[in-house]
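What follows is a set of notes on a single structure, which appears directly below.
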Amino acid sequence: MEFSDQAKIWGLIVCFILQMGQGYYLPGSYPHNYAVGSQLSVKVNSLTSIETEIPYGYYSLPFCPPQEGVKDSAENLGELLMGDRIENSPYRFKTYVNESEIFLCQTKPLSGEEFSLLKKRIDEMYQVNLLLENLPAIRYTTKDGYFLRWTGYPVGIKVQEGYYVFNHLRFKVLVHKYEEPNVARVMGTGDAAEMIPANGKPEPEVPGYMVVGFEVIPCSVMHDVNAAKNLKMYDKYPSPIKCDPSTVAMAIKEGQPISFTYEVEFELSDIKWPSRWDAYLKMEGSKVHWFSILNSLMVITFLAGIVLVIFLRTVRRDLTRYEELDKEAQAQMNEELSGWKLVVGDVFRAPACSSLLCIMIGDGVQILGMAIVTIMFAALGFMSPASRGTLLSGMLFFYMILGIAAGYVAVRLWRTMGCGDSKGWVSVAWRAACFFPGISFLIFTVLNFLLWGSGSTGAIPFTTYFVLILLWFCISVPLTLIGGYFGAKAPHIEYPVRTNQIPREIPAQRYPSWLLVLGAGTLPFGTLFIELFFIMSSIWMGRVYYVFGFLFIVLIILVVVCAEVSLVLTYMHLCVEDWKWWWKSFFASGSVSIYIFLYSINYLIFDLKSLSGPVSATLYLGYSLFMVTAIMLATGTVGFLSSFWFVHYLFSSVKLD
């Protein structure tokens, strides 16, 4: 490889790491202090809907463009993958200055295509997402006596046979006075007639303010077309505008224009900068989370009791009796022995498709490590939802770095099964680097074509797609090969017993062993299905998920349950002289993915029953398939490694001539 090529690769790595660093957010960091009258700019994100799960650009609808033209804001890799497209907007505020009847624009008469598209987006319940100082616009409503909060506001509403658009927005901006004694105060520059007095006493110096809240109330107001014809952007509308969210008046019709206006009110708040995301990150259903954890702990205790019985009453007793026998009695007892002691010469026989198993274990270690590290950082506040896309960017970063662990585990396990032979380790490491990413790219490519065909902002741009391929082959694959090299140089794990040349025949079983293996996944699923509901709601219902502390506890519990389930199932198979435990130990805990996929289908039918269109359903099922594949590899790896340790420990305690 030439020096210029190496420089490009390392430049890409540095850019990726710097881009990730921009996304990190510690609560309370980076406060922005604005002088009175300073300009605040509102940004717009993609239009989203829980009806279709397909995001579209804000300016795909006939909204008012800004005077300087539409410009994209800087986005990190995670935002692009999530379908976020943040752009500038014409909405402008003056800090701590109330304004009303501000005219934005009057659109051209709606064409037939624009009219049909607007009606379609209203039918599909698309939401407009606005951002001010990185805070999404929040909307409060009351329904059946409950106080509800939403992010964004609907494009419009259908009443009977008429379609109405929300063309007037009433904003409320909550600000907190910046009172650091060591910070120089700034003078206000706003219009004194419209300025809100901070208190009843005049002050020689007006402090700066920090934005700590952003609320919006959408209204549908009928404007006079002729009165708005000669107005320019930011002019004052000639007549008062009454914003009543309970009534609608601006019906859209083909061939008629739409006028857009807004008003803004500033309110002094006691909310401090570190707490400004509390309104979005309120932990709902905390009792349900604790119930989930207590339920999981009961499952762990039950399984731990079974494991304890196996170790203390069965294994220890059998080993003691086996070791105390003299040679003659041992030979006599061998004729009467049954259970795991009879498969001593076959228990470490290499399984079918051993290289595939090693590759899946390596990828499982990589995925599990990524999940643990990412959730740990998120629980510590380094990946707050305040920094959009950081969580996904962090997952990609940690996944690539942990390619070293994937290559090491896959190659060392492969050498162990091959009794130390290191020939061909490059092939194993290469396949470990391409197995799960290859499946992921296949799924995402198919889904990306669907999104491209729909004109959605959720489609990954070609440049981003190319960057992902470069990250895969220029960072992840080399790191996996490096890990494989260390795995080839490390000593392989020595088996405690010799393997016979002729395989022992497995006795006929009373029931299919695979039936028991598949049923074992119900226990791990029982530990996480409650938390799974909150995760699914966050992904598909647009809710913010921030209880990463609970999620980390559930993940640890899941790992423990998977290990216990696989260990118990492996011992049960050995007791009936079934020495083919390798793949069964993997799928005993990995089968939890089957139940998660069935739960996903149940969630689609009963919770996302409004999901419309074959494209939306295909997207949902495609992303669910990707998720359960990753879960199968991670949980199966936990089960296999725990069973491998148990079998190695069990037979290393047996003395043989």
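Each residue, glycine too, has its Cβ placed from N, Cα and C.
Feature annotation from TrEMBL assigns transmembrane segment to 290-312 (among others).
According to TrEMBL, the transmembrane segment annotation covers 365-384 (among others). Remote same-chain partners of the transmembrane segment (365-384), defined as residues 6 or more beyond its termini with a Cβ less than 8 Å from a stretch Cβ, comprise 23-27, 277, 390-391, 394-395, 398-399, 402-403, 405-406, 409, 436, 546, 548-549, 551-552, 555, 559, 630, 633-634, 637-638.
Sequence annotations record features per position, and here TrEMBL assigns transmembrane segment to 390-411 (among others).
Marked as transmembrane segment by TrEMBL: 432-453 (among others). When Cβ-Cβ distances below 8 Å are used as the criterion, the transmembrane segment (432-453) is approached by residues 54, 358-360, 362-363, 366-367, 403, 406-407, 410-411, 459-460, 465, 468-469, 472, 476-477, 480-481, 484, 615, 618-619, 622-623, 625-626, 629-630, 633 of the same chain, each at least six residues removed from its ends.
For the transmembrane segment (465-488), the residues of the chain that approach it from at least six positions outside its boundaries are 9, 12-13, 16, 77, 362, 396, 399-401, 403-412, 415, 422, 425-426, 428-430, 432-434, 437, 441, 448, judged by C-beta separation under 8 angstroms. According to TrEMBL, the transmembrane segment annotation covers 465-488 (among others).
The feature transmembrane segment is assigned by TrEMBL to 514-540 (among others).
Per TrEMBL, the feature transmembrane segment maps to 546-569 (among others).
TrEMBL lists 581-605 (among others) with the feature transmembrane segment. Same-chain residues lying 6+ beyond the ends of the transmembrane segment (581-605) with a Cβ under 8 Å from its Cβ atoms: 347, 351-352, 354, 357, 360-361, 513-514, 517-522, 524-525, 528-529, 532-533, 536, 540, 562-563, 565-566, 569-570, 573-574, 611, 617, 620-621, 624-625, 627-629, 631-633, 635-640, 642-644, 647.
The transmembrane segment feature in TrEMBL is assigned to 625-651 (among others). If you look at the transmembrane segment (625-651), the same-chain residues 6 or more away from its ends with a CB under 8 A from one of its CBs are 315, 340, 344, 347-348, 357, 360-361, 363-365, 367-368, 371, 436, 439-440, 443-444, 493, 495-497, 524, 558-559, 562-567, 569-571, 574, 581-582, 585-594, 596-597, 600.
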> By a Cβ-Cβ criterion of under 8 Å, what residues six or more beyond either terminus of the transmembrane segment (390-411) are in contact with it?
Replying inline: 16-17, 19-20, 23-25, 76-78, 81-82, 358-359, 361-363, 365-367, 369-370, 373-374, 377-378, 382-384, 422, 425, 428-429, 432-433, 471, 475-477, 479-488, 490
